[in-house]
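K.L.:
Taken from Swiss-Prot, the feature GTP binding site applies to 12-18, 40-42, ARG301, 327-329, 412-414. What Swiss-Prot lists as Mg(2+) binding site is ASP13, GLY40. The IMP binding site annotation in Swiss-Prot covers ASP13, GLU14, GLY15, LYS16, ASN38, ALA39, GLY40, HIS41, THR130, ARG144, ASN220, THR235, ARG299. The active site, proton acceptor annotation in Swiss-Prot covers ASP13. What Swiss-Prot records for HIS41 is active site, proton donor, and it gives sequence analysis as the kind of evidence. The substrate binding site annotation in Swiss-Prot covers VAL295, THR296, THR297, GLY298, ARG299, ARG300, ARG301 and rests on sequence analysis.
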Amino acid sequence: MGVSIVLGSQWGDEGKGKITDMLAQQATLCCRAAGGHNAGHTIVHGNKTYDFHILPSGLISPSCINLIGAGTVVHVPSFFKELASLEEKGLEGASKRIFISDRAHVCLQLHSVVDGLEEAKLGGRKVGTTGKGIGPCYSDKASRRGIRVGEILDEAVFERKLRSLDAGYRARFGDLEYNVEEELAQFKEYRKLLGPYIVDQLAFLQKYKDSPNTLVEGANALMLDLDHGTYPYVTSSSTGLGGAMQALSLNPTSIKSVIGVVKAYTTRVGSGPFPSEQFNADGDKLQSVGREFGVTTGRRRRCGWLDLVVCRYSQAINHYTALNLTKLDVLDDFDEIKVGVAYILPDGTRTENTIPADAEVLEKVKVEYVTLPGWKSNTMGVKKYEDLPDNARAYIEYIERELGGVPVKWIGTGPARDDMIARE
């Protein structure tokens, strides 16, 4: 098996879907390793726009088989709704090319209710979750009381475990705006439909062990990783290279490329430290020109300059072999472009490649910037590297040097599927 892994290098929303879509055209198998329907990205294919959340974007390729892996959490109503939406838009046969690991966990409506209650209790220190129930679902998984997808098929086991979860949360929160009987009734119907999609993951993957092109689609990003991100303002899964390997039982020697997706500036949704965030006209311009609204939540994304401290840290953990720089065209109309190159910590220490583990400390760092000249010309839809303005190429090559020579092999120049430069 030859495996390529696509990972977000910042706080998500980097544009991973487009490179995944492009690579999926040659892939036999495309896998999601972690996360749930809290993830979200958009792919423009022909004259149609597809929004993906829990489903792998390899579904756009008619020859690619897709797997939702063991590290994910699956909201079953969203799975069927998203699948129906894709088929209505013309992705015929998508339902025949998607499978779910029996070891993935079930994200319930109960979890969404609890998510809202937990956020409310945090008050001013809330995490800023998507409200989709992802955190409570992973919490139940870690506490060994969660429900796996394979257990949906055993009605008695599913009912016993769901009633136990309901009772436990009622003991903690009191009365809930949740009806366990309604959810049990819904799953009585889903049980009839789910059987063909559920697979023993290891046996399933063994069928593809000789495939030269397997693609792993990361969700969220390194700075939202449960261990390495800006804890506690993170998601509840392992979003980096290690998480992908664990969730899909990957042989390390089979990995042929790890692709880090880097937005040409930085965005973040939700609460938490964001050192290079811009509370000024530059931030507003990045937000409006980049149309920075979350696919899943619709929330306005926070915007700032490219932060190379974050990128170096991400590179050190995920070991990228190549980079995809996205949304270069959003910077077309800036006279000058700033890049964060170092942090000055509250004690005066300067760091270029590490992120303080303490979120309170990270909130207080000062960013050291370099200023690069803008290019003030249109890069939208450019297909060849040599056709980019000189200063745009200088910006890309500066990033390569600062990230230890990892090549920027792909450059996004617009929202369309083919608005991408592929460098040799």
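These residue numbers are counts, starting from 1, taken along the chain as shown.
Just so you know, glycine gets a Cβ as well, placed from its N, Cα and C.
The structure displayed is predicted, hence computed values, not measured ones.
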K.L.:
Would you measure the largest Cα separation among ASP13, GLU14, GLY15, LYS16, ASN38, ALA39, GLY40, HIS41, THR130, ARG144, ASN220, THR235, ARG299 for the IMP site and round it to whole Å?
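P.N.:
Farthest Cα pair among residues binding IMP: 34 Å.
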K.L.:
Mind giving me a neighbour count for GLY298 (substrate binding site)? Other Cβ atoms within 10 Å of its Cβ, every protein chain shown.
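P.N.:
Counting Cβ neighbours of GLY298 (substrate binding site) within 10 Å gives 8.
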K.L.:
Can you check what DSSP calls ARG301 (substrate binding site), collapsed to helix, strand or coil?
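P.N.:
The three-state answer is coil.
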K.L.:
DSSP on the residue listed as 'active site, proton donor', three-state: which is it?
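P.N.:
Looking at the DSSP assignment, the residue listed as 'active site, proton donor' belongs to a strand.
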K.L.:
Could you give the Cα-Cα distance between ASN220 (IMP binding site) and THR413 (GTP binding site), in whole Å?
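P.N.:
Checking the Cα atoms of ASN220 (IMP binding site) and THR413 (GTP binding site) gives a distance of 22 Å.
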K.L.:
Would you say which of the binding-site residues GLY12, GLY15, GLY40 has the most Cβ atoms within 10 Å of its own Cβ?
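P.N.:
Neighbour-count leader: GLY12.
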K.L.:
So which one is it: of the recorded positions LYS18, HIS41, ARG301, which has the fewest other Cβ atoms within 10 Å?
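P.N.:
Counting other Cβ atoms within 10 Å of each of the recorded positions LYS18, HIS41, ARG301, the minimum falls on ARG301.
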K.L.:
For THR413 (GTP binding site), what is the tally of other C-beta atoms lying within 10 angstroms of its C-beta?
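P.N.:
Excluding its own Cβ, the number within 10 Å is 25.
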K.L.:
Work through the binding-site residues one by one (GLY298, ARG299, ARG301) and name whichever has its CA nearest to the CA of THR42 (GTP binding site).
P.N.:
GLY298
K.L.:
Quiz question: given the binding-site residues THR42, THR130, ASN220, which has the greatest number of C-beta atoms lying within 10 angstroms of its own C-beta?
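P.N.:
Compared across THR42, THR130, ASN220, the most Cβ atoms within 10 Å surround ASN220.
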K.L.:
Tell me, how many other CB atoms lie within 10 A of the CB of LEU328 (GTP binding site), whichever protein chain they belong to?
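P.N.:
So the Cβ neighbour count for LEU328 (GTP binding site) comes to 25.
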K.L.:
Give the three-state DSSP assignment (helix, strand or coil) for GLY15 (GTP binding site).
P.N.:
coil
K.L.:
Would you mind reading off the Cα separation of LEU328 (GTP binding site) from ASP13 (Mg(2+) binding site), to the nearest angstrom?
P.N.:
14
